[in-house]
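Asks: Can you keep this structure in mind? I'll have questions shortly.
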């Protein structure tokens, strides 16, 4: 139980042990405990503690500190660091005791009067030149630990260290301030002995008296040097360097200081390309950009002829040192000024000299009188010579037109023409026009030229170009058929017709086939009455209102004779390779016939003449027609074409589709009183299509109607069910394809629905009865199976 309570709580019960560890106690709480023994009769008296027990861990002195190290020894002191003990002894570490041992002595001396709460301590009061060892002890409420590991001997002497200097972190990439702000440069210095310090600006020593006492240098914490410049100005920018030096060396550190200010004025303001209403202003950047990139320039202008007029901003966002100022008033005198601007602000301006807005040249002279050429019904080509430009290059020309009976000049071109000619289109046929031209330079357009001579818009008529070389379209033993293409140019007048000329073999003279009053109206003709096997050349002339054209290129020598071409047969696309049709329809197989001379054609069926078919033939085609076809018309049809040049035969297979024929070998087997089995073979003729199944039907011998047993049987046998015992039947089977059901195969003999009869089994249990001298009495029982029919009698042997 807790000391403040009266009730005990069971901790252990029923265990045969003489000790027990009690868990889950509250730290620093007081407890009473009691225990009693129990046997089968019952429990004895309790043994109880007289004094309470406090629940707390046991305390002992801590372990010694670890990792003792020596740092920064000097002639008077040394700094020690260590780590706490691995085990604090169950009580908080209150502090540490530092001890030292001088070399040559045996007694350790305590260095600190009070416990050191931290893990570092600087031991002072050492004698220069002597050597020491050090150790540390930890102390808690239970006592003082064993000492830590002892350090090696450390000599009390100042270290020899070359000087070092580092600028503050914010100065590593330079310092930038605005004009009037304070410049503060901080440097961290080390070295033994402590070095001397010198600040320099642009490699010259900084002297506060020379900068009107705005500069201050001072040392802070013995290891930091600070340079301060109040009320900074633009001239304070530059490279600042701190130089530190002792007997063991020299060290430097530099920082670029930029003092931001407005830029200086731009320089070298000049004018270029002065015109009556514009000018190009140019200048150069300021000599001093104020320590910041020039962001833009502000250009202003002022009317210098009026004193009361102020400055007007031309542009305040100029990125470059050049600007084309527009909309000036001709003859006025102007002043310009430009400011440079950086992120601090605008600097002072650079003011130009006065400038008068006027052109240094005048418009060009008028061109000479234009010349008009290449006249058509809707266009004319106008040409002229280049005039004097009067000091400025000509940038183009303006062209105007006028009808001869009008007083209004109309501009021809929307944009300046850079050439010395222009094709004027869109003219009205039959009207007479004149033209004039003016040139334009930078000063503007000049005066117009004198008008051109009048010209009427109409096409010129000339003889047409030659037709193409004639080609042989056809020929016989007494004629030649020619064809050609019309000329590319008709000469401005429609082609009336053509004249054909021919040259006989061995002659150089060309003879006209037709005269000018009998022109061939189209690009083809037939030349008759030629001599067989003679050779001729031909050429063609086109004729329009202006006359005959030059002759076309002549053909090569052409022999006059019949053209022999082997026969060719082209079947209709639907009849190639295989032609399928339904029975009862009409078969038509059309063929196109080619060949010179006209071939003779005939048809055959399976190698024999088809007499039942009808053939319709012309010189270029042949069609075989079979009306109301049936399955007997299926087979291979052939057409043959013959002429002097050869022979050609083409085949096509015809498949007449119909219902299938009757099945074969219909048989009845496995007859019982309620069923029988039908079997048959596939028909000899499937109707030209796959047989899908069979239709089975039955008929009572006394009836006339057939009854379907199964609408579609997929095999060649079928068991007919549901027969009436003793009834007589006929059966028939028909094959079916996608075109329908074919004729039936029927059974000839009737079929009686009854079980099959076979001899009975032998009688059983034969016994001998009364026996006399000449008789014997026999008894038996009937056979177990009567063979499908009643036993009619018995035979005794």
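Heads up, the Cβ atoms here are built off N, Cα and C, so glycines get one too.
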Asks: Per TrEMBL, which of 295-314, 315-334, 335-354, 355-374 is region 'Disordered'?
Replies: 355-374
Asks: Counting only residues 6 or more past its boundaries, what in the same chain has a CB within less than 8 Å of a CB in the region 'Disordered' (355-374)?
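Replies: That would be 271, 274-279, 328-336, 380-392, 394, 397, 399, 423, 435-453, 455.
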Asks: Which residue counts does DSSP give the domain 'Fibronectin type-III' (1-58) for helix, strand and coil?
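Replies: Helix (H, G, I), strand (E, B), coil: 0 helix, 11 strand, 47 coil.
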Asks: Restricting to the same chain and to residues at least six past its boundaries, which positions have a Cβ under 8 Å from a Cβ of the domain 'Fibronectin type-III' (762-797)?
Replies: 755-756
Asks: Per DSSP, what is the helix/strand/coil residue tally across the region 'Disordered' (355-374)?
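Replies: Secondary-structure composition of the region 'Disordered' (355-374): 0 helix, 5 strand, 15 coil.
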Asks: Please spell out the DSSP helix, strand and coil residue counts for the domain 'Ig-like' (553-655).
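Replies: Computed counts for the domain 'Ig-like' (553-655) are 6 helix, 60 strand, 37 coil.
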